[in-house]
Amino acid sequence: MPSRYLSFRCSVPWLILVLQALLLLRSFFGFPGVSDTYSSSNSYPEFQDVNHMVIFGFGFFLMVLRRYGFSSTGFNFLLVVLGVQCSVLAEDLLVFLRGERNAAGLQSLAKAFVSVTAVVISTGAVLGRANPVQLIAMTLVELIFFYVSRYINETFLEVSEHLTGMHVFLFGAYFGLALASRFPEAPPGLDKDRSTPKSELFSVLGTVFVWVFWPSFNSILPYLKMQAVLNTYLALAVSAVAAFMLSALTSRDGKFRMAQIRSAVLAGGVTISCTAERIHHPWIAMLLGLLATVITILGSHCVQRCFNPALKLQDTSGVHFTFGLPAVLGAVAAVVLAVVEDGIDTRWNELSRLGYDAFVYIGAFCQTISTALITGLITGLILNIKLLKAVHVSKYFDDQFYWEVSFKIISD
């Protein structure tokens, strides 16, 4: 057996065991002042939807590489179940530091799933190049920095919990991009990073699940839940229709491109995540869904041809134009809606307050994306030290290095 296999056998299981033991001990002692874990809650349907979306939906969404299917779904499941436990403790710590009382136990678990979405998105940027040890370390570090960013926004900028939670797409996308820039490039002759019709089909299956459950994801934190659900569905519906239209218009032969549609149909849900509760007119949600698809499809051409080559990025799953650009649009839309809606009822002598609110939204957006980029670069440098056993570039995008696979599966 090659030495690399022995090294992973001696490191990954023991790392998981030690981490789980620490989480168990921390959960045993808990934090004073937080609510009872088993307190009654009626949020199980929302939690179930988010659970399906994050584990099943995103797991298959990442299954786009022809020889990396086991790793895409398996590592996603491992990172989610570990990350949720870390997020629950981080959520309790955040409430404890702010001197508040936590939500019901099941609702707190649902919030943890929302936070773990940042890790799933970042994983898509380094998919096929990071080994399990690096991915586990990335999960812990990213969740810590994400909660630090949330704490800054909620404590010092006094941004609502819903808005800071929905910054998860913005943070996850740009943390992953900064992280990916620190990994070596794949050799030019390596063709294992391409997809096949079978892998694309599985990825589309995951996309459909994410699309179906996205209204529950966007409504799990706001108070006006039905308003968030309706606005999210309208944005997603328009985004899906526009994805098929723009895909045919922008292709040379006038045919649909599954890779574009797979990314663009989710853009509306990402964009409206920060404003789903604030929108009071359906046409606004539909317009945001349309703009999200436009910026995703047109941005994919610019990002893949100009941005990624210039910065030497290898965004495996296209998280920049799938989540990053729509999240930026959503953050801008949140500022515009806050200014327009609050400005209608604001008197001339209260304009300073309106300007302050807009400044707070802009500050939260800039703080989130800056923290994501800086901490992503730092984490990328940490993950490439020899102790974490970085994978050689010739072993990129290959299940055989981590899983027992048959020759038939590999050849497919």
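Every residue gets a Cβ built from N, Cα and C, even glycine.
No curator has checked TrEMBL annotations; they are predicted automatically.
Here is what TrEMBL records for this protein:
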TRANSMEM  12-29  transmembrane segment
DOMAIN    39-387  domain 'Ammonium transporter AmtB-like'
TRANSMEM  49-65  transmembrane segment
TRANSMEM  77-97  transmembrane segment
TRANSMEM  109-128  transmembrane segment
TRANSMEM  135-152  transmembrane segment
TRANSMEM  164-180  transmembrane segment
TRANSMEM  201-224  transmembrane segment
TRANSMEM  230-249  transmembrane segment
TRANSMEM  285-307  transmembrane segment
TRANSMEM  319-340  transmembrane segment
TRANSMEM  360-385  transmembrane segment
Checking distant contacts: for the transmembrane segment (230-249), what same-chain residues at least six beyond its ends satisfy Cβ-Cβ under 8 A? 211, 214-215, 218-219, 255-257, 260-261, 264-269, 271-273, 275-277, 279, 282, 284-290, 292-294, 296-298
Taking all residues of the domain 'Ammonium transporter AmtB-like' (39-387) together, what is their mean pLDDT? 86
Do the transmembrane segment (360-385) and the transmembrane segment (135-152) come close, with at least three CB pairs under 8 A (pairs 6 or more apart in sequence)? yes
Is the transmembrane segment (109-128) in contact with the transmembrane segment (201-224), using at least 3 Cβ pairs under 8 Å (sequence separation of 6 or more) as the test? yes
Going along the chain, which residues at least six beyond the ends of the transmembrane segment (164-180) come within the CB cut-off of under 8 Å? 111, 114-115, 117-126, 129, 138, 142, 145-146, 149-150, 153-154, 218, 221, 270, 273-274, 313-316, 319-320, 322-324, 326-328, 330-331, 364-365, 368-369, 371-377, 379-380, 383
